[in-house]
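Here is what TrEMBL says about this protein:
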- D532: active site (ACT_SITE)
- R492, T504, D532, E581, H584, E603: N-acyl-D-mannosamine binding site (BINDING)
- H584, C594, C596, C601: Zn(2+) binding site (BINDING)
- 53-390: domain 'UDP-N-acetylglucosamine 2-epimerase' (DOMAIN)
Amino acid sequence: EVYFKNLSKQKQKEVMEKNGNNHKLRVCVATCNRADYSKLAPIMFGIKAEPQFFELDVVVLGSHLIDDYGNTYRMIEQDDFDIHTRLHTIVRGEDEAAMVESVGLALVKLPDVLNRLKPDIMIVHGDRFDALALATSAALMNIRILHIEGGEVSGTIDDSIRHAITKLAHYHVCCTRSAEQHLIAMCEDHDRILLAGCPSYDKLLSAKNKDYMSIIRMWLGEDVKTRDYIVALQHPVTTDIKHSIKMFELTLDALISFNKRTLVLFPNVDAGSKEMVRVMRKKGIEHHPNFRAVKHVPFDQFIQLVAHAGCMIGNSSCGVREVGAFGTPVINLGTRQTGRETGENVLHVRDADTQDKILHALQLQFGKQYPCSKIYGDGNAVPRILKFLKSIDLKEPLQKKFCFPPVKDNISQDIDHILETQSALAVDLGGTNLRVAVVSMKGEIVKKYTQLNPKTYEDRLALILKMCVEAASEAVNVNCRILGVGISTGGRVNPREGIVLHSTKLIQEWSSVDLRTPISDALHLPVWVDNDGNCAALAERKFGHGKGIENFVTLITGTGIGGGIVHQHELIHGSSFCAAELGHIVVSLDGPECLCGSQGCIEAYASGIALQREAKKLHDDDLLLVEGMSMKEEEIVSAAHLIQAAKLGNTKAESILRTAGTALGLGVVNILHTVNPSLVILSGVLANHYVNAVKDVINRQALSSVKTVDVVVSNLADPALLGAASLVLDYTTRSIF
């Protein structure tokens with residue numbers, strides 16, 4: 001609803017005028033099997049809901065119409081869609097020749113249907129042989145084709161079919177940034193590619209709110225509990241049928257040995273499926289007390305089953321795509337999905353050549369719960385696709401244009417209805433304020449929200465979730481796609497698990513806190529967490545002076561003293577995540593007491609708290625104020641007053657700042673002698689006051705071999721938020737995982 005409220009009515013009107021004032025876009029959706037219908041159904045519902053813009057014709061063919069595969073055309077009728085045409089196109093035999101004959105039969109029958117329907121555009125999904133027949137027929141009959149899920153990479157003949165359909169299609173809807181880049185590399189027209197996400201995710205992300213126990217009991221029995229059963233879905237690999245049948249046999253043996261209730265779905269209609277069914281019957285799966293073997297489960301019920309399963313096993317694309325939205329553990333067997341982008345919930349068993357190997361994978365994965373992954377969608381795919389369809393100008397030439405190399409590395413498309421800005425939700429947990437921002441790939445803070453940081457854990461977590469939900473909703477309005485959540489917080493953090501191990505004294509009730517799980521579950525987004533000093537270093541690496549620098553150190557000079565170390569382009573965390581606690585480098589054995597309990601730390605000399613402490617001492621002795629300064633009676637003495645007094649000639653204030661700068665400089669010298677960076681970046685509100693003092697100490701105290709180090713002041717306005725954002729942007733947009 002939020003998305004549609006913000007659509008430009010004027011733009012829609014212009015497109016309608018281009019296509020003829022009273023002309024509705026006639027869309028033919030052709031579905032071949034239960035899998036592609038789960039992706040096409042949300043689009044069909046969206047088209048049906050806007051009769052002022054679209055006319056929908058539904059064509060059903062392929063395994064939908066075969067009893068052995070569940071007669072799944074019935075679920076289309078149950079969804080209240082009128083089926084215009086049913087085409088029996090499958091030649092039985094379930095071998096390579098039967099697949100070829102099925103394509104030929106479809107090519108013979110489709111022209112008559114398309115001549116009668118005369119659609120403006122045909123929507124084709126995926127990489128099945130039936131879809132290839134659809135795309136070939138439409139292309140030869142000069143019908144525009146919109147291909148869903150092009151540009152992806154997987155195993156078997158599906159890869160070749162998918163890319164063949166891409167070359168026939170006029171418009172492309174892809175699910176991931178990598179898929180989009182693959183389409184561009186395949187010379188497809190940039191302006192005709194929509195990065196929308198997977199349409200099935202529009203249903204998936206609301207699935208857990210429904211009653212699921214009755215569905216689990218219906219398919220697996222009354223005595224089954226959540227997270228205590230397995231869903232198995234394995235298909236033949238058409239390029240190596242014998243091996244895939246052997247692997248299926250080993251899988252069933254492992255499942256029998258594992259002794260957990262298991263729902264086994266029959267394989268698809270590809271070559272080799274008949275032999276796989278024979279293996280099931282040979283092992284008595286249909287009559288085994290631990291197994292339930294079914295030909296088809298309605299999609300709404302299937303997603304409830306996988307959402308609450310202890311594990312999913314097999315080689316279906318559903319396991320590596322949709323199941324990640326729930327964090328359910330997945331065991332991906334063999335090569336059928338090789339090349340697919342996957343979340344951390346997927347364990348790959350590429351060479352599943354022994355029962356023990358598969359059994360060991362089951363023991364590792366069963367019952368775990370992973371963070372929810374949204375690699376393939378964020379729940380807003382259908383609105384984007386409908387908007388894309390409305391933008392199609394039927395008066396444009398039908399002939400495809402290819403964009404041949406060279407291809408730019410980063411294609412910038414200034415077309416708001418085709419591509420949204422890749423962005424992150426950044427959260428900064430400070431001692432006083434809690435801030436959430438939408439940050440773009442270029443480091444622009446698009447939206448920022450600030451609230452006082454609550455004192456209790458419960459209130460703080462509730463406020464984080466509330467602010468993140470509001471920011472994510474607003475991101476749609478400003479045309480931003482949220483890739484994940486990055487959190488910057490004080491204290492010692494385990495970034496691998498997303499847990500705050502120990503907090504600073506400035507943030508109460510913030511030790512041993514798991515931030516990743518509740519936020520990921522609530523927002524259905526991947527979540528990264530790190531220490532605020534490390535985040536500042538990441539911000540410099542991506543957006544600041546550290547960009548392209550192999551070895552550098554960032555020092556934050558604010559309320560406390562923190563920092564981060566980047567060595568060989570990677571952030572150093574240390575064996576117990578305590579690396580780069582730069583504020584607690586000791587520069588004097590008998591110096592002032594630090595908040596950490598030690599004495600003589602840099603933070604005890606140079607932090608904002610330390611300067612405030614010294615300013616209060618001077619004020620109590622009536623030695624702070626000089627001519628040109630005044631303070632209200634109720635005004636709290638701060639470090640700013642000390643700096644102002646020094647600027648106005650207060651010698652005692654000057655001496656304190658000089659000592660603080662010397663302490664910080666000695667700490668930097670220790671860092672130079674330890675990790676030998678080529679650059680030191682001073683960040684925070686006190687950086688400008690310390691930079692010259694630090695350079696002076698380096699010249700006096702450092703070894704000659706490190707004196708050439710550059711010391712600069714950060715030019716980033718908000719390193720904490722930018723660093724939190726870079727946690728997300730660096731991970732989700734890199735090409736190798």
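Every residue number used here counts from 1 along the chain in the order it is shown.
Placement of Cβ uses the backbone N, Cα and C atoms for every residue, glycine included.
Checking Cα-Cα distances from C596 (Zn(2+) binding site) against the recorded positions (R492, T504, D532, E581, H584) with a 10 Å cut-off leaves T504, H584, in sequence order. Recorded residues C594 (Zn(2+) binding site) and E603 (N-acyl-D-mannosamine binding site) have their alpha carbons 7 Å apart, per Cα-Cα distance. Taking every protein chain shown into account, C594, C596, C601 are the binding-site residues, and of these the Cβ with the most other Cβ atoms within 10 Å belongs to C601. When each of the recorded positions D532, E581, E603 is scored by how many other Cβ atoms sit within 10 Å of its Cβ, E581 comes out lowest.
Counting only same-chain residues six or more apart in sequence, the Cβ atoms lying under 8 angstroms from the Cβ of R492 (N-acyl-D-mannosamine binding site) belong to V500, L501, H502, N531, S576, F577, C578. In this structure the C-alpha atoms belonging to E581 (N-acyl-D-mannosamine binding site) and C601 (Zn(2+) binding site) are separated by 11 Å. Within 10 Å of the C-beta of H584 (N-acyl-D-mannosamine binding site) we count 20 further C-beta atoms, all protein chains included. Taking Cβ-Cβ distances under 8 Å and a sequence separation of 6 or more, the neighbours of T504 (N-acyl-D-mannosamine binding site) in its chain are G431, G490, G491, G560, L595. Over the domain 'UDP-N-acetylglucosamine 2-epimerase' (53-390), the average per-residue pLDDT in this prediction is 91.
A Cα-Cα distance of 19 Å separates the residue listed as 'active site' from C601 (Zn(2+) binding site). Rounded to a whole number, the distance between the Cα atoms of H584 (N-acyl-D-mannosamine binding site) and C601 (Zn(2+) binding site) is 5 Å. Neighbouring residues of the recorded Zn(2+) site, listed in sequence order and excluding H584, C594, C596, C601, comprise G583, V586, L595, G597, S598, I602, E603, A604 (Cβ within 8 Å of the Cβ centroid). Across the annotated binding residues for N-acyl-D-mannosamine (R492, T504, D532, E581, H584, E603), the two most widely spaced Cα atoms sit 16 Å apart. Other residues of the same chain near the N-acyl-D-mannosamine site, with their Cβ within 8 Å of the Cβ centroid of R492, T504, D532, E581, H584, E603, are G490, G491, N531, G533, G560, I561, G562, G583, C596.
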